[in-house]
Structures are given as C-alpha cells and as structure tokens.
Amino acid sequence: MMQASFSICILSFYLLSFCHGAPLPAFLRSVLSGNGMKEESRVLKRSAPVMQDEIPVCAQNQTDRYSSSSRLCRLVKDLGFCDFDDLYQTVLQSCPIGCGFCRVEDGNWSVWGAWSPCSATCGDGQRSRSRSCTNPPPSGGGADCLGVSQEIEDCNRRSCEGIGGWSNWGQWSACSESCNIGIQARTRTCTNPPPTIPEGACEGFSFETQICSTSGCNVSASVSTAAATTSPVSSTAQTQIGPTVVSLTAKQQACLDAHNAKRAIHGSPPLEWDFTLAMNADEWANELAVTRQLEHDPNIMNEGENLFKSAGALECVDAVERWFLEGKDYDYEDDNKLDDDTSNFTQLVWRNTTRVGVATVVEVVSEGSVETYIVARYTPPGNIEGKFEENVIKPSAEAL
C-alpha cells in the first residue's frame, strides 16, 4: 500500500557475495527504461580469487536509498551471478506512478566560464577556466559528469625583453565629496621598467576609481562623478579630485593638450580630464581589442564617443590628428547634418563638451605585429541635430 508519509524509497534484495563485512560499493550504472523499470548495477570486489563453490549466500540485506518522493518503491526482481573474482549484482526495480526515485537524470556540464586573466604579461603565464556539473546536476541516482571541471593553459609566452612593467599604485586621493558619497582615484605608471619596444606597453589600467563615503552632512546621499580640473596647455597640469591633486600621466597630458589645441582653432573652450570617462573608455577599448572590430558601444549613455584603430603602436595624439583631418570635408552650412565621415571631428571641437577621458590599448595580434585601439569619451555629448551651427565654429583666418 502506498503511504504518502514515506520520504525514503526502501529496497530489499538478496546478495550473492562473499560476506566479509565490507561496506557495499556504490552502483556504477543506472538506467531508466521506457516501461517504468529502473536497473542498477555494481561490482562487488573480493580481496582474493576463490572458487565459485566457496562463495556462500549472504543473508538478506536491506538498504535505504534516498528519494524526494512521498511514495513507496517496490522491489520486484533481484538477480545476481558470480565469477571467480567478482560478484556482479543487478537490481531491477519497478516504480509506481509518482515515485520520484525512478526519475533518473545523469549530470551534464555547464558551459565553460570565461578565461581568467593571464598570471603574467610575458614569459610563462597561465590562465584557467572552469565549469560545473549543474546542467542539470545528477539526480535520482544518475551518473556524475565525466571529465574535468577546470582547464589550465599557457598564455603570454612572448619574451619579456623590452616589455614594460607597472609601478606600484599611488595613494588614493581624498574623497571628491566632503560628506556622504563621492569618488576617489589612484594611478600607476608603466615605468618599472619602461617599455623599450613598440609592443611592450603595459597591459591593464593606469588608473582606477572607487566609491568613497564620509559623514558629516545631514542631507540625502548622492554620487558625484567630479571631473579633473586641468590646465589645458601646461606640461605640469594636474587633476583636482576633492582637496587632493593627482597628476596626469605624460600620455594623458599629451592627449588632453592635443584635444585643446584643436578646439582652440575653432573657438571652443578647453576640456578637462575625467577619470570616470577614461575608465569607461578603457573598458570598451579592451572589448574592441578582443573582437578586433571598430564599432560604437551600443550601451553607451550620455557620453559622446570617438574611435580609432590602426596597425602598429600609435598614441592618442595620432588619433586626435586623424579625427581633426575629417574637418576638411565638413559642411558648415548644414545645421542638421550628422555625417559619419566627419562625426569624430565635430565631437572633437563640439563647443558645449566640457570633459574628456581617453584610453589606448595595444593588442599583440601575431609575433611582431600589434594593433592600436583608442576610445575617447566626452560629456556632455556632441553631434546633436540642430545644434551644429552653434557648436562647430568655422575657424577664423588667424586661427589657421
């Protein structure tokens, strides 16, 4: 009789085995047939070979098997036979409708996860990826997944000669807000050692930001993405974040100077460097280096974007020069024209834009060959229809 209170399916069976008191081994095979029968098999190993007539018949054994069912499973047949060394036991079980014990499902691997970052930028680095036996997990006595859950492979086998290395991170700046929630930043430089070959640029971020929190203001908290306050042409320009000054790297400063020099030709005010924009640009530049495509970020919000790709190791100043050259084809009489052939130029000189952040990624594509991906982010964004005339000013003869 079925009893709903049972939560464990109980099997009773006879074993033909050599009774030595050892724990019963796990079933090696579990099959669910189409007629509602479940068959399980296992091999009972013996410590030494014996003649078949030396194998006594064991007393009746009873074994509990787990189940998520609330019904009782009934054993209908128990077969076994012996050879000289082992006993091969097969248990055949019939399951009434609703007995969860008979819903056998073997485990299957999930998809491989993403590769971890390489443990070294050159020499003998390694990276790994993993997967889990959860798609689905084994249930009802089903088999575990076959194979390994982790793979490890070599990466960045190139020589370290001429490859740059990062300095230690500098100190975190003070919080950009004197109370509640703000942002702080720190930087490092590719000077330990500096690269001596074009493809030797350091990989990764030269700066990072984090949310900071202070107390003292009895007002609602808000997040500030305060930008840098920068002198546009000074070779010693610095970024102001709260009360602490963080110097730009030489390449960041050169990039900012190149932007502001071109903007001055068109009567646009100088830009300020923004670490948050630069971080966003760096994330997308790394994505482009992986896909080796040049396309705008489809998820960008409230930021303008200029893109640059080239064979070889180039710098931001090269990209700015290329973007500015688009201006020779710009039609100053068309206030509603957004032209892909000149959109980098118009964003570069857009009068109402006030902040910029740029990232450069140099990707090794083959031995001795690299590609450069440069992404610039701007805010407020430019290239707004109906606003070109007031934001893209025709240069005067004196400015040319």
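Every residue, even glycine, has its Cβ placed from backbone N, Cα and C.
Database features, via Swiss-Prot:
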SIGNAL    1-21  signal peptide
DOMAIN    106-161  domain 'TSP type-1 1'
DISULFID  Cys118-Cys155  disulfide bond
DISULFID  Cys122-Cys160  disulfide bond
DISULFID  Cys133-Cys145  disulfide bond
DOMAIN    163-218  domain 'TSP type-1 2'
DISULFID  Cys175-Cys212  disulfide bond
DISULFID  Cys179-Cys217  disulfide bond
DISULFID  Cys190-Cys202  disulfide bond
DOMAIN    256-362  domain 'SCP'
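Features recorded in Swiss-Prot, as mapped to the structure shown.
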| residue | record | Cβ contacts under 8 Å, 6 or more apart |
| --- | --- | --- |
| Cys118 | disulfide bond | Gly125, Gln126, Arg127, Cys155, Asn156 |
| Cys122 | disulfide bond | Asn156, Arg158, Ser159, Cys160, Ile163 |
| Cys133 | disulfide bond | Gly107, Asn108, Trp109, Ser110, Asp144, Cys145, Ser149 |
| Cys190 | disulfide bond | Gly164, Gly165, Trp166, Ser167, Ala201, Cys202, Ser206 |
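The DSSP secondary structure for Cys190 (disulfide bond) is coil. Most Cβ neighbours within 10 Å, among the disulfide-bonded residues Cys145, Cys160, Cys175: Cys175 holds that distinction in the structure as shown. There are 18 other CB atoms within 10 A of the CB of Cys212 (disulfide bond), with all protein chains counted. Model confidence over the domain 'TSP type-1 1' (106-161) stands at 86, taken as the mean pLDDT rounded to a whole number.
For Cys155 (disulfide bond), other Cβ atoms within 10 Å of its Cβ number 18. Taking the Cβ of Cys202 (disulfide bond) as centre and 10 Å as the limit, one finds 20 other Cβ atoms among all the protein chains shown.
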